[in-house]
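Novice: One structure, as structure tokens, below. Some questions next.
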Amino acid sequence: MEGESYNESTVNGTPVNHQALERHGLWEVITIAVVTAVVSLMTIVGNVLVMISFKVNSQLKTVNNYYLLSLACADLIIGIFSMNLYTTYILMGRWVLGSLACDLWLALDYVASNASVMNLLVISFDRYFSITRPLTYRAKRTPKRAGIMIGLAWLVSFILWAPAILCWQYLVGKRTVPPDECQIQFLSEPTITFGTAIAAFYIPVSVMTILYCRIYRETEKRTKDLADLQGSDSVAEAKKREPAQRTLLRSFFSCPRPSLAQRERNQASWSSSRRSTSTTGKTTQATDLSADWEKAEQVTTCSSYPSSEDEAKPTTDPVFQMVYKSEAKESPGKESNTQETKETVVNTRTENSDYDTPKYFLSPAAAHRLKSQKCVAYKFRLVVKADGTQETNNGCRKVKIMPCSFPVSKDPSTKGPDPNLSHQMTKRKRMVLVKERKAAQTLSAILLAFIITWTPYNIMVLVSTFCDKCVPVTLWHLGYWLCYVNSTINPICYALCNRTFRKTFKLLLLCRWKKKKVEEKLYWQGNSKLP
């Protein structure tokens, strides 16, 4: 494969490679066979676990893992065929399976290896576009599209290598390698070898490295932006807890509380004033009564409410403590100065959240008309006191309003947008960023393993182009085998970087996956029977 030649002699018509027999002692052969067999077994088991995990665990059926599944298929082919055939070729020192088997093996080996590179390239572009174009690209990022990209990766790899490997001898008219050697015929020219190394390894690795650097920078930038967003949310939360500073105090007129009969007469007079607007005298008298009614019941609120975007939790709103002079009598002819405290709730109409507009106690008729309109509840604590207040000419007394803090649960119908929306959006961004970072970590591990395992062999390819005898045969074997080891490392990278893969591997290796599925089924059946 690497182009090395062996000294042969013929014994009874059968070629014997003395150099191959002398190169490796018995224990060396046993050691090489055991080590390579173990690595091959690990590669097969690891990549089969990836496939089974993808099959049995629905959480792993994501678009990104479809690419990992394709990579596992390529690695499985290498673990089953390439590793074992190449080990046999090394230990025997020559190819004994014939030229057709050699060409088929080389075609399968190079197509699978190039498919691994193409899959890594697709994964890198997928991660890059997911990070840099989250809105436009993710809408198109479907399993069907992933399947098309995977199919193209394998198709391109097949077109690049299979026809040239299988048909080269027919194009040039003869086989250009000896029958006991197994290597690609058209790579006997140093310039072609150099060009294929550049195209198959160095260019893809350079592109993947550039993409990963951009992915890393963009991920760090989004992490910083998320930290700034969380900081602004903390500032808003702190401002929300601060008490309102802007308070406007006004006063209102308080009249002696009338008896039940007097209130009924006032209401009748107020109602009659609306019906008799054409009579001048009656209208004047009714208007005076209505004015007394409205003046006595006029009240002004304070504008000490937090802004709408800060209404994430029930806030502490001002409650007005009103001083009210009561002249209610216990019996005819006898006044009572008894102090009484009463708490009432007044529903006042709100428009455009203008809390500075004066509100009114409404008559029953007006309240009925406003029943279907949006209102906000205010609580008033009426404290009856016997001290003197300023009395007006119509018997009403001017009373001050003193604000005090009292927790009030706002009516949900009066709230603006969902108060937890900002927090939910931040949490969603954080979850997306965590997933992106995990995917980037998986990509970085796979890319690093690929570069470490493939670089030595491709460096030797470049060196051999200019100096054919500078690379020892042992280094050729070791470098080529190291490329195969990449297929063993990839499943380990999945398990180390993805917790779901790791847990699924563990359950499958311990033969507990079926038990887990049964337990989950029994759990859901038990929950479905609950009332």
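Glycine is treated like the rest: Cβ placed from N, Cα and C.
So Swiss-Prot has the following annotated:
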- 267-287: compositional bias 'Low complexity' (COMPBIAS)
- 334-346: compositional bias 'Polar residues' (COMPBIAS)
- C102-C182: disulfide bond (DISULFID)
- N7: N-linked glycosylation site (CARBOHYD)
- T500: phosphothreonine (MOD_RES)
- T504: phosphothreonine (MOD_RES)
- 259-295: region 'Disordered' (REGION)
- 327-346: region 'Disordered' (REGION)
- 1-28: topological domain 'Extracellular' (TOPO_DOM)
- 53-65: topological domain 'Cytoplasmic' (TOPO_DOM)
- 87-103: topological domain 'Extracellular' (TOPO_DOM)
- 126-145: topological domain 'Cytoplasmic' (TOPO_DOM)
- 169-190: topological domain 'Extracellular' (TOPO_DOM)
- 214-442: topological domain 'Cytoplasmic' (TOPO_DOM)
- 464-477: topological domain 'Extracellular' (TOPO_DOM)
- 498-531: topological domain 'Cytoplasmic' (TOPO_DOM)
- 29-52: transmembrane segment (TRANSMEM)
- 66-86: transmembrane segment (TRANSMEM)
- 104-125: transmembrane segment (TRANSMEM)
- 146-168: transmembrane segment (TRANSMEM)
- 191-213: transmembrane segment (TRANSMEM)
- 443-463: transmembrane segment (TRANSMEM)
- 478-497: transmembrane segment (TRANSMEM)
Novice: Here are the modified residues: T500, T504. Which has the lowest count of other Cβ atoms within 10 Å?
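Specialist: Fewest other Cβ atoms within 10 Å, among the modified residues T500, T504, is found for T500.
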Novice: Look at the disulfide-bonded residues C102, C182 and tell me which residue has the greatest number of other C-beta atoms within 10 angstroms of its C-beta.
Specialist: C102
Novice: Quick test of the contact rule: Cβ under 8 Å, at least six residues beyond the ends. What residues does that give for the transmembrane segment (146-168)?
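Specialist: Here the qualifying positions are 63, 66-67, 70, 103-104, 106-107, 110-112, 114-115, 118-119, 121-122, 126, 176, 184-186.
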Novice: In whole Å, how far does the CA atom of T504 (phosphothreonine) lie from that of C102 (disulfide bond)?
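Specialist: With distance taken Cα to Cα, C102 (disulfide bond) is 38 Å from T504 (phosphothreonine).
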Novice: What is the interatomic distance between the Cα atoms of C102 (disulfide bond) and T500 (phosphothreonine), given in whole Å?
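Specialist: A Cα-Cα distance of 40 Å.
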Novice: Give me the DSSP three-state residue breakdown of the topological domain 'Cytoplasmic' (126-145), ordered helix, strand, coil.
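Specialist: Across the topological domain 'Cytoplasmic' (126-145), DSSP assigns the residues as follows: 17 helix, 0 strand, 3 coil.
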Novice: Can you count helix, strand and coil residues in the topological domain 'Cytoplasmic' (53-65) using DSSP?
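Specialist: Helix/strand/coil tally for the topological domain 'Cytoplasmic' (53-65): 10 helix, 0 strand, 3 coil.
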Novice: Average the pLDDT scores across the topological domain 'Cytoplasmic' (126-145) and report the rounded value.
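Specialist: Reported value for the topological domain 'Cytoplasmic' (126-145) is a mean pLDDT of 89.
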Novice: Summarise the topological domain 'Extracellular' (87-103) by DSSP state, stating how many residues are helix, strand and coil.
Specialist: 11 helix, 0 strand, 6 coil
Novice: Tell me the residue counts in helix, strand and coil for the topological domain 'Extracellular' (464-477), as DSSP assigns them.
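Specialist: Helix, strand, coil within the topological domain 'Extracellular' (464-477): 8 helix, 0 strand, 6 coil.
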Novice: Can you grab the distance from T500 (phosphothreonine) over to C182 (disulfide bond)? Cα atoms, rounded to a whole Å.
Specialist: 42
Novice: In terms of DSSP three-state secondary structure, what is the assignment for T504 (phosphothreonine)?
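Specialist: Reduced to three states, the DSSP call for T504 (phosphothreonine) is helix.
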Novice: Who are the chain neighbours of the topological domain 'Cytoplasmic' (53-65) in space, where the CB to CB distance is under 8 Å and they lie at least 6 residues beyond its ends?
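Specialist: 123, 126-127, 141-143, 145-146, 439, 442, 500-501, 504-505, 508, 513, 517.
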Novice: Per DSSP, how many helix, strand and coil residues does the topological domain 'Extracellular' (169-190) have?
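Specialist: Its residues divide into 9 helix, 0 strand, 13 coil.
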